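J.: As annotated in TrEMBL:
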TRANSMEM  25-46  transmembrane segment
TRANSMEM  58-80  transmembrane segment
TRANSMEM  100-121  transmembrane segment
REGION    125-162  region 'Disordered'
COMPBIAS  125-136  compositional bias 'Basic and acidic residues'
TRANSMEM  231-250  transmembrane segment
TRANSMEM  256-278  transmembrane segment
TRANSMEM  290-312  transmembrane segment
TRANSMEM  332-353  transmembrane segment
TRANSMEM  365-383  transmembrane segment
Amino acid sequence: MAVCATDTARELSCRDSRAAAHLKLISILVIFVTSVVGISSPVILARLFHGKPVYDKAILIIKCFAAGVILSTSLVHVLPDAFDALADCQVSSRHPWKDFPFSGLVTLIGVLTALLVDLTATSHVDSHGHGQEKNSHYSPIGTSEELAARRKSAESGGELGGIGERRAATSHVDSHCHGQGKNSHYLPIGTSEELAARKKSAESGGELGGIGERIAAEELVRMKQRLVSQVLEIGIIFHSVIIGVTMGMSQNKCTIRPLVAALAFHQIFEGMGLGGCIAQAGFSFGTTAYMCFMFAVTTPVGIVLGMIIFSLTGYDDSSPNALILEGLLGSLSSGILIYMGLVDLIALDFFHSKLMSSEPWLKKASFVALVLGSTSMSILALWA
């Protein structure tokens with residue numbers, strides 16, 4: 001309890017509701033602008049480079065940088081804050097919080113929840129893909145003229161083949177014909193122009209079928225990437241709401257002042273991480289704009305919500321109930337982000353990416369981007 005008393009005495013000298021409210025209003029504008037800049041930068045770059053040879057490689061490197069940012073956010077920022085909140089003397093001195101490590105338990109629940117969502121959505125995507133395959137058994141591809149030409153060619157080939165078989169069956173006079181029949185199974189019959197037309201039609205049909213299969217496989221991968229982006233944004237929104245509500249409830253100007261600058265950089269890097277995943281997922285313009293807007297406004301809305309909660313209840317960020325809520329939500333968010341960073345971003349790109357496997361230098365560059373992303377975000381833990 002002596003530690004609590006010391007902490008309380010230190011905070012009393014910094015409590016100033018008027019100054020804190022002024023800093024919060026400034027932080028709402030600053031955080032919104034930096035969030036927009038952070039999340040829109042990779043999206044805009046992806047649209048500028050779309051269709052160019054370096055597009056896929058640039059997107060992959062940006063995504064690896066994003067994975068480092070997200071992993072560092074979960075392990076260096078969110079999880080330690082959640083542990084600190086539930087380890088505060090006002091919480092840890094009470095039952096059941098002092099009897100069990102709830103931060104670790106809720107983090108585990110977050111990981112398992114993300115896994116369950118991933119498995120459910122992936123099975124849905126796979127069943128959707130298999131359903132498409134079952135409902136389209138080699139459906140003819142091409143214009144009506146091409147399909148009519150192929151049908152006519154097949155019918156003429158069948159008729160000519162039948163004539164050839166009848167001739168071979170009834171002709172026993174010429175031994176040369178018998179020898180030819182033995183050594184040439186299903187000889188092509190027709191003029192050179194007809195044979196060339198059939199060959200071209202068969203080749204075009206095979207090529208179109210292969211293209212259709214590749215398009216279906218790419219669409220399944222794209223659906224998986226969209227799922228990852230959406231679940232990732234849910235985890236980040238949890239984290240952003242916690243940050244905003246905590247700042248909005250705080251009346252400590254000494255804590256808020258350095259947080260404004262630190263959170264500005266925090267939102268830039270976190271936005272770049274999420275924006276890289278959104279850019280790779282290939283959403284429509286409306287969906288991309290909506291996801292970027294939601295990320296940009298979540299923390300400012302959280303700050304406003306925290307100010308409303310304080311004005312209605314008188315609770316600040318140091319009250320036991322606020323600390324418990326911050327610790328539980330932070331642990332859940334950390335578990336989601338840890339799973340998404342390790343499984344759906346790092347493992348997927350480094351072990352299952354054909355592009356990275358075919359380019360050794362790209363794997364090295366991606367690892368450097370991963371380290372830079374995690375290092376940049378970890379350094380910000382000195383201030384926020």
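Heads up, the Cβ atoms here are built off N, Cα and C, so glycines get one too.
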J.: Between the stretches 58-80, 100-121, 290-312, 332-353, 365-383, which wins on the count of C-beta pairs under 8 angstroms to the transmembrane segment (25-46)?
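T.: By the under-8 Å Cβ criterion, the transmembrane segment (25-46) pairs most with 290-312.
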J.: Taking the transmembrane segment (365-383) as the first stretch and the transmembrane segment (256-278) as the second, find out whether 3 or more Cβ pairs fall under 8 Å, excluding pairs closer than 6 in sequence.
T.: yes
J.: Going along the chain, which residues at least six beyond the ends of the transmembrane segment (58-80) come within the CB cut-off of under 8 Å?
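T.: Residues packing against the transmembrane segment (58-80) from afar: 42, 45-46, 49, 103, 107, 232, 236, 239, 242, 266, 269-270, 272-277, 279-280, 330-331, 333-334, 337-338, 340-342, 345-346, 349, 353, 355-356, 362, 365-367, 369-378, 380-381, 384.
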J.: How about long-range neighbours of the transmembrane segment (100-121): same chain, 6 or more residues beyond its ends, C-beta under 8 Å?
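T.: Same-chain contacts beyond the ends: 79, 82-83, 86-87, 227, 231, 235, 327-328, 331-336, 338-340, 343-344.
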J.: In the same chain, who gets a Cβ under 8 Å from the transmembrane segment (332-353) while lying at least 6 residues past its ends?
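T.: For the transmembrane segment (332-353), the sequence-distant neighbours (Cβ-Cβ under 8 Å, at least 6 residues beyond its ends) are 60, 63-64, 66-67, 70-71, 73-75, 78-79, 82, 106-115, 118, 228, 231-232, 234-236, 238-239, 242, 277, 363, 366-367, 370.
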